[in-house]
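Asks: Marked as S-adenosyl-L-methionine binding site by TrEMBL: 47, 72, 145, 146, 172.
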């Protein structure tokens, strides 16, 4: 929300899910901390645009005759933004822990700018909503634990998942919190369930070097353990985990590379928002996150 309020990108819906960030202190007070924050905001900017680029490429390729499954979606606002751009897939699913889902549904029910677009896109029978799930004809939120794919599949099918439709699965900083075996099971399930599918994974990379180790230590100090960090050792390890679990044509690039691909006029605009001389920390941060993607039925996708 802070990145949106500063002007990094537009998202009129995030205000309904996330409280206003506290004001930041002036740059001269703590320059090192500010550079770290600037790096993260710009990394978020590259992430939002990089993931969005791939999602829109999939929607264009399938002419929106597809479904999206957003894994560990949290308070993500993509459904509303796609609707505004007239780019909704046939069905958009979100999955997260029941506690997170309950919070999101409460916000949707209590805020008309969120509930109205769902009603507008809905057709057919009455919309189903309870404390842990929401199901309309175009948008569903499912409370489930991604570590148990049989339970996940059952719940998605209850919400009209169509395994024969081209399917895009999106996971942003999700798989790294699962053990390698748990994330492998999820990726294998997806690869074997959908004959035509694509997966996008955004998470850490190059975590074996000194900078990566410092990132891990900082997270551990906050009782946040990355159970799957061993698979984030390199771009090759990220690609390999997709290939060995049934996916084809896997690719992975770090966020510095993504940043270099973004429209340069917009990059100049965001760099002018909070100008800082020292780019080294930013570049290190960007080299420790990546976007990976892979498909099945690659002759078509």
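Glycine is treated like the rest: Cβ placed from N, Cα and C.
What's the neighbourhood like for these features in this structure?
Replies: The C-beta environment of residue 172 (S-adenosyl-L-methionine binding site), restricted to residues of the same chain at least 6 apart in sequence and closer than 8 Å, consists of 47, 51, 72, 76, 201, 202, 203.
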Asks: Max Cα-Cα distance in Å among 47, 72, 145, 146, 172, the residues listed as binding S-adenosyl-L-methionine?
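Replies: Result: 24 Å between the two most distant Cα atoms.
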